[in-house]
């Protein structure tokens, strides 16, 4: 579907396509309605995450280490959806299915990077809850704003490094057979499967990245909540125990809606046959629905956020009334 061009370095020739062709759905006549649905999901995602970031920025009571992490989660959700959905709409709704080789690699990097930031930020929030409940007297000494900025900086460096290496590995492949990507975006596995040279390193790297960034974080989160459960059992008063548990509910819901679909899809793909269209729907919903739901859950389930919204509304109403008076 596109001309192939050859690049060579160090006496090794790598054949690269000028463009990739993103295949998407096969034989679904009303597929465009699904992409319209995803565009509505994107609008809600942008509005919801922008709102939660504005609330955290404007409400002084939310200027804490925990809400730095919540702000970062909202930012990662917003950027992750922006890396995926607008391009997906452009490709399929407006039928621009050919994508430049370099643009495809950039799309792969940003989709993976921000999805990984979402995963690691959920792990950071689990650490916050672990310290808050297991070491309440030392919480404000351990989980400080500088410490949280440092943690977020470290996960950015880690994520950028990992996915820079991953994307650079694609440049070590030759694509001499086909340039058709059998999915809905520039995914790593469908691309390395198109290669006609040895891709063993890419297979191993893909498994390593999946294990490190998708499997290990939920395991660590489970361990942290196991420790939290042990700490809660030591609390004598039932009311105090329930109050401590309520501070974890919103985070547990976010963890469930993020990790369960990803892990379920990957386990199902290994054990049963998935029709390509079903796989596209499952994977795209897995990547787009959690960023839309996260700000809604944090708004409805967090008393601090709800209280901040009420205070901001009162402040805004007062300013409007004063302005109207004059």
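Here the Cβ of each residue, glycine as well, is placed from N, Cα and C on the backbone.
For the transmembrane segment (33-58), the residues of the chain that approach it from at least six positions outside its boundaries are 25, 67, 70-71, 74-75, 77-78, 81-82, 85-86, 88-89, 92-93, 281, 284, 288-289, 291-292, 294-296, 298-299, 305, 308-309, 312, judged by C-beta separation under 8 angstroms. Look at TrEMBL and you will find 33-58 (among others) tagged as transmembrane segment.
The domain 'G-protein coupled receptors family 1 profile' annotation in TrEMBL covers 48-298.
The transmembrane segment annotation in TrEMBL covers 105-127 (among others).
Packing against the transmembrane segment (148-170) from elsewhere in the chain are residues 65-66, 68-69, 72, 105, 108-109, 112-113, 116-117, 120-121, 124, 127, 188, 191-192, 201-202, 205-206, 209, 212-213: each is 6 or more residues past its ends and has a CB under 8 Å from a CB in it. Feature annotation from TrEMBL assigns transmembrane segment to 148-170 (among others).
Annotation comment: TrEMBL describes 208-232 (among others) as transmembrane segment.
Counting only same-chain residues 6+ beyond the ends of the transmembrane segment (252-274), those with a CB under 8 A from a CB of the stretch are 73, 118-119, 122, 125-126, 210, 214-215, 217-218, 221, 225, 282-283, 285-286, 289-290, 293-294, 297-298, 301. The transmembrane segment feature in TrEMBL is assigned to 252-274 (among others).
Same-chain residues lying 6+ beyond the ends of the transmembrane segment (105-127) with a Cβ under 8 Å from its Cβ atoms: 66, 69-70, 72-73, 76-77, 79-80, 83-84, 87, 99, 143, 148, 151-152, 155-156, 158-160, 162-164, 166-167, 170-171, 185-188, 191, 213-214, 217, 220-221, 224-225, 251, 254-255, 258-259, 287, 290-291.
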